[in-house]
Amino acid sequence: MRILEGNLIGQDKKFAIVAGRFNEFIVSKLIDGALDAFKRHGVEEDNIDLAWVPGAFEIPLIAKKLAKSGKYAGVVCLGTVIRGATSHYDYVCGEVSKGIANVSLDTEVPVIFGIVTTENIEQAIERAGTKAGNKGFDAAMAAIEMANLLENI
């Protein structure tokens, strides 16, 4: 039996981050986490591009454009959607999730879901580097691993 898996060596790979500006004070912490993960695993700063979009809903389109460019081993999507008093949260979360998954499937480039979806601001803060780790860091790690796995198949 042959086991296929990726490693966490990011050297000589280029990655893109797409970040939603809405709730920027949280998203900036997610970006910091992603950059930390990339740096710790050998990705040079010059091999990371960051694209800002207005909010989470706009992330899939830019992620698709970046993935289709052929320049990147992976694309990390970072944003924050916090539940409010209306059903808007449910629509945004559902469509962004589907959009990001479809981009990855359509382009065969790892497009990683690093969107923090929470019930309240406290939960979002926890997932941006306090109690619950940093989901940006986790997303960058997944991008590195998936990029290497795809190379091994």
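Each Cβ is built from the backbone N, Cα and C atoms, and glycine gets one as well.
Per Swiss-Prot, the features are as follows:
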type	residues	note
BINDING	Phe22, Ala56, Phe57, Glu58, Thr80, Val81, Ile82, Phe113	5-amino-6-(D-ribitylamino)uracil binding site
BINDING	Ala85, Thr86, Arg127	(2S)-2-hydroxy-3-oxobutyl phosphate binding site
ACT_SITE	His88	active site, proton donor
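DSSP gives Phe113 (5-amino-6-(D-ribitylamino)uracil binding site) a strand state.
Following the DSSP three-state reduction, the secondary structure of Arg127 ((2S)-2-hydroxy-3-oxobutyl phosphate binding site) is coil. Among the recorded positions listed here, namely Ala85, Thr86, His88, Arg127, His88 has its C-alpha nearest to that of Glu58 (5-amino-6-(D-ribitylamino)uracil binding site).
Highest Cβ count within 10 Å among the binding-site residues Thr80, Thr86: Thr80. Binding-site extent for 5-amino-6-(D-ribitylamino)uracil: residues Phe22, Ala56, Phe57, Glu58, Thr80, Val81, Ile82, Phe113, maximum pairwise Cα distance 16 Å (rounded to the nearest whole number). You'll find the Cα of Thr86 ((2S)-2-hydroxy-3-oxobutyl phosphate binding site) roughly 17 Å from the Cα of Phe22 (5-amino-6-(D-ribitylamino)uracil binding site). Neighbours of Ile82 (5-amino-6-(D-ribitylamino)uracil binding site), defined as other CB atoms within 10 A of its CB across all chains, total 17. Cα to Cα, Ile82 (5-amino-6-(D-ribitylamino)uracil binding site) and His88 (active site, proton donor) are separated by 10 Å. Among the residues the record lists as binding (2S)-2-hydroxy-3-oxobutyl phosphate, namely Ala85, Thr86, Arg127, the two farthest apart have Cα atoms separated by 23 Å. The C-beta environment of Phe22 (5-amino-6-(D-ribitylamino)uracil binding site), restricted to residues of the same chain at least 6 apart in sequence and closer than 8 Å, consists of Pro54, Gly55, Ala56, Gly79, Thr80. With respect to their backbone Cα atoms, Phe113 (5-amino-6-(D-ribitylamino)uracil binding site) and Ala85 ((2S)-2-hydroxy-3-oxobutyl phosphate binding site) stand 24 Å from each other. Checking each of the recorded positions Ala85, His88, Arg127 against Phe57 (5-amino-6-(D-ribitylamino)uracil binding site) by C-alpha distance, the shortest gap belongs to His88. A helical conformation is recorded for Ala56 (5-amino-6-(D-ribitylamino)uracil binding site) in the three-state DSSP classification.
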